[in-house]
Amino acid sequence: MSDLKHLTGLCNIPASNITSILDMAAGYKKKLITPCPSFEPSLQNKRIALVFFENSTRTRFSFEIAARHLGAGTLNFSASSSSVSKGESLSDTIKNLEAMQVDAFVLRHPSSGAADLITRITSKNVINAGDGSHEHPTQALLDMFTLREYFGTIDGLKVIIIGDVLHSRVARSNIYGLITAGAEVGICCPVTLMPPDADQLGITLFTDLDRAIAWADTAIVLRLQLERATGGYLPSLEEYSVHYGLTDERLERVQKHLLVLHPGPINREIEIANNVADRIQPPGYSKSMLLEQVTNGVAVRMAVLNTLLTL
């Protein structure tokens, strides 16, 4: 049983809730990687609405797989084929789905704060699957799970987040969650992509990637939204790649072995080189956890669904 009704972000969430979710996910992961995984149908007869106003591959499919492993049914909502295309508001959409007796909402929306909004108009559980540049809590939880599984603990780890931190909901949730779990967090990006409140977040700030890598135990590389190059934030994608792209040459120069995470999708040869993204074993100065993160995402989202829906 849990006292957690919604998961709209990791800001102010107690460490005990994070630990409980990660511990539960560890149990699910052990079964997931067996040839024929079988789980207790703890969410049998539950109906979960996957309400995605933005495209998604990993998040939407992993929530759907997670729900089915636990015995729940899913309703897949597409904004383009719904009454939203006729002008229906988010509030009316949620109220109508609730009237169909769904038990929970998993929401992805382009507007920051959308998930918090619907917690005020529904009595059902709400899980934020990414809202604008606000938060993406389950991505951060799966990143934290990946780090804990590899290092044994998050406490004391130095984690550098590289890229467009200003617009990144993944960065926000990771900063909040990792600090709560005892990690030291740094961010590395051009000053044009530095959040205005960065110096109030309790993190270390870098604009030089070599220095950031030398400081860190592990790196979370963010997807560069390609429109930033034409929006005045960057001179060009090529220049960004030269100064902030994670490459073997840079790691060798700094002489640093680094565990590398990325939330996906990746822009190959822009924020991360092919060989860094794909290397899962030595030789080399990096170890990629990108596909391991995807596997862990199912386990973590199972834990989140079970935690919230078995109150």
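Cβ coordinates are placed from backbone N, Cα and C, and glycine is handled just like the others.
Swiss-Prot names Arg58, Thr59, His136, Gln139, Gly264, Pro265 as carbamoyl phosphate ligands; from the candidate set Arg108, Arg211, Arg228, the record adds Arg108 to that same site. A simple way to gauge crowding: the CB of Pro265 (carbamoyl phosphate binding site) has 11 other CB atoms within 10 angstroms, across all the protein chains here. Arg223 (L-aspartate binding site) and Pro265 (carbamoyl phosphate binding site) are 7 Å apart (CA-CA, integer value). Listed in sequence order, the binding-site residues from Arg58, Thr59, Arg108, Gly264 having a Cα within 10 Å of the Cα of Arg169 (L-aspartate binding site) amount to none. If you measure from the Cα atom of Arg108 (carbamoyl phosphate binding site) to that of Arg223 (L-aspartate binding site), you get 17 Å.
Secondary structure from DSSP puts Arg58 (carbamoyl phosphate binding site) in a helix. Cβ proximity to the carbamoyl phosphate site centre (mean Cβ of Arg58, Thr59, Arg108, His136, Gln139, Gly264, Pro265, cutoff 8 Å) flags the following additional same-chain residues: Ser56, Thr57, Ala129, Gly130, Val170, Pro263.
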